[in-house]
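The following features are taken from TrEMBL:
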type	residues	note
SIGNAL	1-18	signal peptide
DOMAIN	47-161	domain 'FAD-binding FR-type'
């Protein structure tokens, strides 16, 4: 049974994490942890092998688990304290996830915004239960104060600079593919708040999220998403799709739910020269929508996708 710590987001947990971070893994322990994991990671489907040619940062940072909670029946959310000031990421990127005693390296997208790391030295991950050793460890053995190490990688990100041209975003997610897109959504909301409050910074266009899962129970981060939609109705909209819903949909979700898969017609409606498309989900889904967009004459440099197995 997975360990659940309900106080994940409460203030006193942050204090516990800050104290725990003082007992950081030593550099030699980090080297042993990462090198032994790389050497023993042999399977063709391993994260390290699939992403061998992808750009990574050099920094490997110690992290402490400061909380865990069930995001859905099959997905566990982790909050990690990363005290290392050299650790940073761009919205949409993932981490190599090194676990002491586990020879296989995990690869998990960050679902929190860069702003959370800047302000609290925290990142969040959401990991689906599978038989893959890192996921098994997270669901069955991970506890408060567990020590891990993380390294940022990935070429799938949204990181506009203040003077960049304003862009609309269309985010297309399937299942746990919501993770990097939620990071992008949260980052876009932070940029919009900054411009509204300070009168400067990057000017974000409109953001439309299309998100599909088996049922409403597996639609992750529903409250977080709808809170942003309600905070910025002029900027952010979402269309939540369920493909195998067997129970009644709650009244608060009904206005946002469509039964059935995301269709190419819905996506084509939002094509414009100012729009960037970010797609993350199972390979068949990312292949389908990236090809559909290309056939609709969207420039390749406006289509970004990430595949997770």
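Cβ atoms here come from the backbone N, Cα and C positions, even for glycine.
Unlike curated entries, TrEMBL annotations are predicted automatically.
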Report the mean pLDDT of the predicted model across the domain 'FAD-binding FR-type' (47-161), rounded to a whole number.
97
Per DSSP, what is the residue count of the domain 'FAD-binding FR-type' (47-161) in each of helix, strand and coil?
19 helix, 46 strand, 50 coil
